[in-house]
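Please read the structure below before turning to the comments.
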């Protein structure tokens, strides 16, 4: 027996030893395609290869489809769903072998795992977007509009659910469920609103700050939260085998929410404060902890019978919004989720969508019925509730249309229903079509119902400035205000100034603010008024306070409003920043720095942030200037060489200051759009004009010493320490020298007026160069070829009035030089800049002023047209300013440049109209004052 046992062991050992050698392949082939391995053949031991192919196809196709949809202002979710439908059985699945090789059944678990992980993270980001503070602030209107916007479509959805349930419940891919659960799910699918997509649409249409945007956002927050709660209830009822089990699931879910709210959240916020993550953004450890909380919460809600996405959504709601933490945390996670994971989920959804199942009349009847109920229920419910809150009918209809947006939230709900076998593939396809139709129609309907011109008309009507037909309404109080405004306009050409605030432009803006600053004009004290009434003493303090407030207003006529523009990108964090713009603006260091500097210069400064698409920067500036009735828009030239405010540490300053096509296009659009609205000034700082390697009084100077190779104690060479030190040269005198070129154009005349306003500052000296222009034939040829039409004055009478009515206190600091006819304007300016002076020099020139002459840097009309680059530069700042920039840069002169364009009055009919009119300047002469009282 022992011999038999030993023989059996040896036999098994030999078989185990020889068996692997008999196989020709011991492991997964490592030679890849060189060993004739098919990359599309799914290998459970190496699923990454096929997953990369699948993900690449989904991402590329989604991006391609979104390109034309972006021009229609459609959200990317539509492209993602269409991608899934194309790759699914509806289109590509009909190609023989496509699904078998690209999306085989064996690979779907790994694909689904990645997609659902992305879904969990995305629902966490959705929770971060929901700011419950916004709901609390507007709870009344959010409750009314949100409740009506959910109740009516829920009821209509429950009605059509009866027909859907009886028609399709016998399909093979549906589980037997009660009609009550089915009705609840269909009602939720009809009532829910896509909050993330809604935020994107409101932001792209610039409606967030309007009453429509505020109401929709408030109602959308409540709608989103209630919809997810109802869906959780529906899933719990489906997963529970008995009513008692469903009750336990709901009780545990409620207890878990309370635990997260009152136990986890305070500890989480305490940890954020201790680590500084609440003020400075999340650290890597905090991000890791947050992701672990999301996964743990998703795990818990999954094992108790509710979908894991609800756990992630709860953690998102728990995260604080104070200090911009939610926005900064979203920035850490959103790119990977939105670029990779989320398209996979919607592609997986599209793979389950089969348009071929819509193959009979009754099915298409339900498609039309579901779409009609989705529109009718949301629009009617939201419209009636908004109308009861005091909005006009057109505003109310707009709110109803916006609330009908389904988007990606609807698709998530439908996929949950498909996975739970509540919906068949046929009914799932019906509701996917409804989600696409409602989402696609939201933006066009909103644009048609609530266009910008109607918004402006409605705002003026609500303010009582016009009647409903658009006719202006005049009041006595308005007449008094306009009279006061006219009086101030005669003395100050720029009383309200809008500043385009940029981080890289702060030094140049500080220079301009210093120029505008001057001592407050002295006013005679108000004579005391005798009042013997018995109640006079009680109101004495109030009357004195009002009188002092009036004095302060009159003594400080200049008001500056700083508008900082931030680009609205495709990221969700950009949209979140818009919804939290008030808090974000209060913490913005650029606005705070500009406001503090203006306060030290005794200038009233207000600040604001606008998050808009980059192509809307110019229209946003103009719209804000019109709202504030600004006289002047100031734009600092970009010092980074691009539209970005942040200079890269390794970027060098471009040799050509105007080599910035993107920013040049913005300036050109601003000049063109504001031609009849307000004055525009573009300031190019001396540090930009001086070129690389040239130091100015305000620009940082890097020390240059011979290299020393001996290392220091820290291991760095001395030259590294020298180059790391930035030095700022002190100003030689603290004074400013303004050079204004006058050649008889509207823009030149405005430059003179602006210079006379700035010279009220005792630290400013004004030098006006009166230069005769070229022949009229050259001017006409220049205007035709370049498209820049400048209005040349018919006489010098207006300029003569200006030079003769300069106040006595400013005459010592104002000089007017009549330049000989043979000298061109650019030669005169360059000669004046080259004169030795301890003051900082700023040149004021008109944009539409030609640069004809015989000098080295003068441009003829043919030279302006030579080359697209030079033409674009001349088209942006004008030929004279372009020539000055090149000349100052080539000669390494230290001077700043302020290019101005005067507002064109509506009655001016072209390039031959007078620049300002004798009447207005005659009135100015009779007052005998420029900013004096």
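Cβ atoms here come from the backbone N, Cα and C positions, even for glycine.
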Range among 77-98, 451-472 that TrEMBL annotates as transmembrane segment: 77-98
TrEMBL annotation (transmembrane segment) - matching range among 6-27, 336-357: 336-357
Sequence-remote partners of the transmembrane segment (110-130) [C-beta within less than 8 Å, at least six residues beyond its ends]: 47, 51, 54-55, 103, 195-196, 199, 221, 224-225, 294-295, 298, 308-319, 326, 329-330, 333-334, 337-338, 340-342, 344-345, 347-348, 409, 412, 572, 575-576, 579
Beyond the flanks of the transmembrane segment (397-418) by 6 or more, those residues with Cβ under 8 Å of it: 75, 77, 80-81, 119, 123, 126, 145, 149, 185, 188-189, 192-198, 201-202, 212, 215-216, 219-220, 223-224, 227, 231, 235, 307, 309, 342, 345-346, 348-349, 352, 374-375, 378-383, 386, 391, 425, 428, 431-432, 434-435, 438-439, 441-442, 445-446, 449-450
Considering the transmembrane segment (142-165), which listed stretch of 48-65, 177-202, 285-316, 364-385 counts the most C-beta pairs under 8 Å: 364-385
Interface present between the transmembrane segment (364-385) and the transmembrane segment (177-202) (three or more C-beta pairs under 8 A): yes
Chain residues in Cβ proximity to the transmembrane segment (244-264) (below 8 Å; excluding those fewer than six residues from its ends, i.e. six or more beyond): 232-233, 236-237, 293, 297, 300-301, 304-306, 310, 314-315, 318
Cβ-Cβ under 8 Å with the transmembrane segment (214-238): same-chain residues at least 6 beyond its ends: 126, 130-132, 134-135, 137-139, 141-143, 145-146, 149-150, 177, 181, 184-185, 187-188, 191-193, 195, 198-199, 202, 207-208, 246, 249-250, 253, 305-307, 310, 313, 317, 382, 386, 389, 391, 399, 402-403, 409, 413, 416, 420, 422, 579
Contact call for the transmembrane segment (77-98) against the transmembrane segment (336-357), three or more Cβ pairs under 8 Å: yes
Stretch among 285-316, 336-357, 364-385 sharing the most Cβ pairs under 8 Å with the transmembrane segment (48-65): 336-357
